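Taken straight from TrEMBL:
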DOMAIN    56-371  domain 'Tryptophan synthase beta chain-like PALP'
MOD_RES   Lys89  N6-(pyridoxal phosphate)lysine
Amino acid sequence: MKVMSEKGSFGQFGGSYVPEDLGKVLGLLDEQFERYKEDPEFIEEFKYYLKEFVGRENPLTFAKHLTEKNGGAKIYLKREDLNHTGAHKINNAIGQILLAKRMGATRIIAETGAGQHGVATATACAIFGMDCTIYMGKLDTERQALNVFRMELLGAKVVAVDAGQGRLKDAVDAALNDLVENYQNTFYLLGSAVGPHPFPTMVKFFQSVISEESKKQILEKEGRLPTAVVACAGGGSNAIGAFAHYLDEPDVRLIGVEPAEAPSLTEGVPAVIHGFKCLTLLDEEGNPKPTYSVAAGLDYPGIGPEHSYLKETGRAEYVTVTGAEALEAFQLLSKVEGIIPALESAHAVAYAGKLAQELDKDDIIIVNLSGRGDKDVQQVYEMIKEQ
Ligand SMILES: *Cc1c(COP(=O)(O)O)cnc(C)c1O
């Protein structure tokens, strides 16, 4: 393991700590990404699919009742939940698959934990006619049988990884081995703003459409920038996409919300996991600590390197919300706004409610509603029944 280059560093974080074979494959990917992100035809095709297939641009909805209920700042919701497949993940899947096609790949591989990234990837592969293999821990395939079937419906092959503990980490290892063996025709489509360079930079690029739109929309609606942008952070892709176009606006507060049960940024220490350096939760032996959040998408012991850097420099703030608070926000948003949020997004909604009360009536909060909650209804039903 070694650092192949300084590229993709965010202060002390990020980089690429991978074996040499993999480093070569990632170097090639970096070159091609740098080339195509400047290519107007590539960008035009990306925008075409975001509009015609994903359904962008999605609205920035004023949450009137939620605002009245809290009695403070105005709350707006950026509606990633209205995207085709129900979350922000499809933005990145479309972007990376277009790059894969340009690079001549015919086969896409990806890892998935709860199945959300697997479904987004399988969807993108279906429309672009790509061969698709999704690696998933064996334990996860058993717990998420319906998502396995969903991916199969979309034409993907799901490989249940029996190695290790049969969890996400083992699925990532299996996918990386596949990539090193088959890189000539295979593209690894990574699901969050994590991993070795160039993935965090690339995923941010494709997810930045969120803040590109929200900035334009808030200026149209309010004639000024928001006081704060609030987003949940698992690996950090929806948050970095929601922050990107405000990073150079020092008056806009950027707030990432972590689950109190997996607080990588709040309690983590700098360490290398999965090929990059970030703030991460370690156990006593120095291994990534198993976490448990009610929201499967936030259940990751590390966090994207840029968030680690934004925390260290103080440009962004990071706070925690408990599963119980998220559950309450899940029910509240459903009831007063008619929007059932993903449990992940409910973390951001919960914090925005608290923040709104501390701010003035003429302050504005944009909450990135990263996904819809249909996938979580069964789980919430069971959690409420147990209370
Ligand atoms: C996967 C997921 C997340 C967490 O991933 P990030 O990379 O942190 O954005 C958040 N919300 C939803 C709806 C998700 O599906």
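Backbone N, Cα and C atoms are what each Cβ position is placed from, and that goes for glycine too.
Counting only same-chain residues six or more apart in sequence, the Cβ atoms lying under 8 angstroms from the Cβ of Lys89 (N6-(pyridoxal phosphate)lysine) belong to Gln116, His117, Ala120, Gly191, Ser237, Gly371. Across the domain 'Tryptophan synthase beta chain-like PALP' (56-371), the model assigns an average pLDDT of 96.
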